[in-house]
Amino acid sequence: SQYSAVDTNPLSVYIMQPIWNKIIKIVPLWIAPNLLTFSGFIMILFNYFLISFYDWDYTASGTSPGLVPTWVWLFSAFTTFCAYALDSIDGKHARRTQSSTPLGELFDHGLDSWATSIFVLSFFSVCSRDNGKTGVSVYTMYIYLSIVLFNFMCSHWEKYNTGVLFLPWGYDISQVVLIAAYLLTGTVGVEVWQKPLLFGYYITDVLVILLIGFSLFLSFPQTLYNIHRAHLKKTLKNDSLYEGLLPLVSPLLLFVLLTVWVVLSPSNILAKQPRLFLWMVGVAFSNVICKVIVCQMSSTRPELFHWFLFPLALVVSAAISGLLGWTEEAVLGVFTTLVTAAHVHYGVCVGRQLSEHLNIYIFSLKKRVQE
């Protein structure tokens with residue numbers, strides 16, 4: 001199917017696009033677009049592990065502000081900008097090298113679905129977790145992450161139903177805010193997040209309020225409106241309500257299971273291992289969304305229950321019944337490792353199958369020799 005995306009965000013159209021159009025001119029024509037996409041993702045990943053090294057449990061910024069070196073925050077601003085730039089020019093580069101393929105589209109959106117959570121998890125190190133005086137509670141982090149992922153899911157659910165990806169306004173705004181936040185932290189220090197800004201509110205409170213406001217009052221209504229408009233124009237991909245809502249079943253069940261674990265965990269697993277738990281949330285979610293993206297691109301039906309839901313349901317019921325006891329953290333570690341490995345394996349397999357099917361290489365513009 002032909003890829004179509006609509007971007008109406010003034011920040012993107014008037015400020016960022018002209019910048020990308022200048023940057024794209026320096027990219028050599030022999031570089032494969034997927035290489036740009038992947039490089040950006042690797043930078044985000046590297047940056048995440050770097051921050052994790054200095055701040056495993058999200059307390060560094062709150063307890064001893066000097067724990068994360070200044071260069072790490074400046075490096076974060078740099079990698080975030082590079083990843084944002086690469087993610088914005090990969091499609092343009094594919095068009096100028098005449099190498100736009102469904103593989104490229106899947107590669108781009110598939111990595112975005114994973115990167116979305118990694119951006120959020122890296123940012124939590126800036127605000128730090130609640131220490132009684134400042135910071136955000138781990139539960140706020142979980143809700144914050146869930147809302148961001150819900151937004152991402154909405155735009156792809158909308159594409160599943162309308163065939164058009166309306167790029168959410170939140171994307172460009174969030175990237176610019178992230179880069180600004182890292183620069184601010186690098187230049188002023190993490191203390192800036194620990195002083196009230198206005199009327200006793202902290203910057204982090206303001207950002208959380210903005211995020212929830214943006215999601216519930218801008219992105220979500222826009223999604224429903226676009227689907228409704230397609231329904232009136234009779235351009236919807238799916239006739240029945242059941243078919244249209246099908247892709248939402250697995251992500252919502254995933255969220256329900258995870259929330260049950262968070263709320264009813266005997267050892268308070270989220271407070272004990274916030275980084276592991278939230279990473280697992282991001283990976284599981286990314287895999288569920290990748291399946292939806294594949295279905296939407298291949299015009300096939302998504303399965304009602306994603307297979308991750310079954311082992312997750314087992315682990316959650318074992319945890320909340322007290323069956324796991326003191327091994328709950330270890331089981332989370334094993335489960336997180338398995339889910340991550342399964343997700344990477346899935347990505348590699350789909351990439352290889354598509355590259356063979358389309359007779360192209362993933363990271364090279366050379367044509368494959370027909371066997």
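Glycine is treated like the rest: Cβ placed from N, Cα and C.
Whatever TrEMBL says is automated annotation, not expert-curated.
According to TrEMBL, the features are:
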- 26-50: transmembrane segment (TRANSMEM)
- 70-86: transmembrane segment (TRANSMEM)
- 136-154: transmembrane segment (TRANSMEM)
- 197-220: transmembrane segment (TRANSMEM)
- 241-264: transmembrane segment (TRANSMEM)
- 276-294: transmembrane segment (TRANSMEM)
- 306-324: transmembrane segment (TRANSMEM)
- 330-348: transmembrane segment (TRANSMEM)
Contacting positions for the transmembrane segment (136-154) when only residues 6+ beyond its ends and CB under 8 Å are counted: 58, 112-113, 116-117, 120-121, 124, 127-130, 168, 170, 174, 204, 208, 211-212, 215, 219-220, 223, 248, 251, 255, 262, 270-271, 274, 277-278, 281-282, 285, 289, 292
Candidate ranges 70-86, 197-220, 276-294, 306-324, 330-348 - greatest C-beta contact count to the transmembrane segment (241-264) (under 8 angstroms): 306-324
Listed stretch, out of 70-86, 197-220, 306-324, 330-348, that has the most CB pairs under 8 angstroms to the transmembrane segment (26-50): 70-86
For the transmembrane segment (306-324), distant same-chain residues with Cβ under 8 A (at least six beyond the ends): 250, 253-254, 257-258, 260-261, 264-266, 269, 284, 287-288, 291, 331-332, 335, 338-339, 342
Within-chain partners of the transmembrane segment (330-348) [C-beta distance under 8 Å, separation at least 6 from its ends]: 110, 114, 269, 273, 276-277, 279-280, 283-284, 286-287, 290, 308, 311-312, 315, 318-319, 324
